Amino acid sequence: MRAPAKVNLHLGVGAPREDGFHPLVTVYQAVGLYDDVTARAAPDWSVGVGLPDWMDDDAVPLNGANIVDRAADLLAAHHGVERTGELHIAKAIPVAGGMAGGSADAAAALVALDRLWGLDTSDDDLLALAARLGSDVPFALLGGTALGTGRGEVVTPVQDRGTWWWVVVPSDTGLSTPEVYRHFDRMFPDAPSQPVPADALLGAIAAGDTWALADALHNDLEAAAIDLRPELGRLIERGEEAGALRGLVSGSGPTCVFLCGSADHARSLAADLSGAGHPVVLAANGPVAGAHLVSYA
C-alpha cells in the first residue's frame, strides 16, 4: 500500500480548549511523496523499515513503538482477530517534518492489513479507527484536498480545480509538534477561541488560481516554528528570492514548502536550493490519491 505526504495549505489554530486540544481549521493537500507499506502473511507480528540515505537510522521507532503497531492493534481488536503478519515500511516522507509521514504509514497499514486479514472493513469504520490514531490519519486515507475541523480529524473533501507544484525542503533535525503548540500558546496568549477560517484558500483552489493560492496560504504555527528555529525563516526568504510564488512552514514544521507555477519552475527552484547547500530538496505535485494499492507481493 502507498500513502502520501500532506501539506497544510491553511492552518488556523484557536486557543486551547478545556481538554487541552487546540481547535483547528485546516486545508490538507496530499502531495506526491509516498511511504510504501508491504504486508505479508506470517505466524507472528513484526515491523521492519527501509530508509533513504538522507534519513537517520533511528528516525523511525520500532519494537512496538511505531504507529503501525497501534493501527494493527485497533483493527484486530475491532474485528476480534489476532494481530499477525510481517509489515515493511519503505520511507520517503520526511520524518518529524510536519508532513504526516507517520499518519501515512498508519493509513497504509490499516488498508494493507484489512486486505491481508480478509476483513472487508467499511470505509466509515476505517475512518473512525484512523481518527483514533491521530488527527492526520483520516486524511491520509482519503487524499486529494480536504477541509479539516475539530482537531483536524473531521475531514471533508473540497473542490480543487488545480494541479499544484511544490518544492519540499526537509530539515536534518525534527521539531516537536507539542513544543510548537506550547510555544504558540506562549507567543499568542490572547489567541481567539475560533480559528481563522479558510474561505480565501478554498476559493483559490476551487478557481484553480495559482496566484490567489499563493496569497491565501496561511499557517498560524509558522511564527512559533520560526521562533524556535530561526533558520526556517531564512530558508523561506531564500526560496522566495529564488522565485517561489510563496514559501511557508508545513504544519508544525520543520519542513518548508514552496509553491511553484509549473513542473519546470519546481525543478528549477529545487536545483537552486540544492545548490545553495540544502542536502535534500524534493519536488512534488498535488493533489494526489490517498492510501491505495500498488501491488500484491
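Backbone N, Cα and C atoms are what each Cβ position is placed from, and that goes for glycine too.
Listed in Swiss-Prot for this protein:
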| type | residues | note |
| --- | --- | --- |
| ACT_SITE | Lys6 | active site |
| BINDING | Pro94, Val95, Ala96, Gly97, Gly98, Met99, Ala100, Gly101, Gly102, Ser103, Ala104 | ATP binding site |
| ACT_SITE | Asp136 | active site |
Separation of alpha carbons, Ala104 (ATP binding site) and Lys6 (active site) (Å): 9
Sparsest Cβ surroundings (other CB atoms within 10 Å) among the binding-site residues Ala96, Ala100, Ala104: Ala96
Around the Cβ of Gly98 (ATP binding site), the count of other Cβ atoms that are within 10 Å: 30
Nonlocal residues around Asp136 (active site), in sequence order (Cβ under 8 Å, 6 or more apart): Lys6, Tyr28, Ala100, Ser103, Gly152, Glu153
Conformational class of Lys6 (active site) under the three-state DSSP mapping: strand
Remaining residues near the recorded ATP site, that is with C-beta within 8 Å of the centroid of the site residues Pro94, Val95, Ala96, Gly97, Gly98, Met99, Ala100, Gly101, Gly102, Ser103, Ala104: Ala5, Ile93, Thr255
Reduced DSSP assignment, Ala100 (ATP binding site): coil
Set of same-chain residues at least 6 away whose C-beta sits under 8 angstroms from Gly102 (ATP binding site): Asn66, Ile67, Val95, Gly134
Fewest Cβ neighbours within 10 Å, where candidates are the recorded positions Lys6, Pro94: Pro94
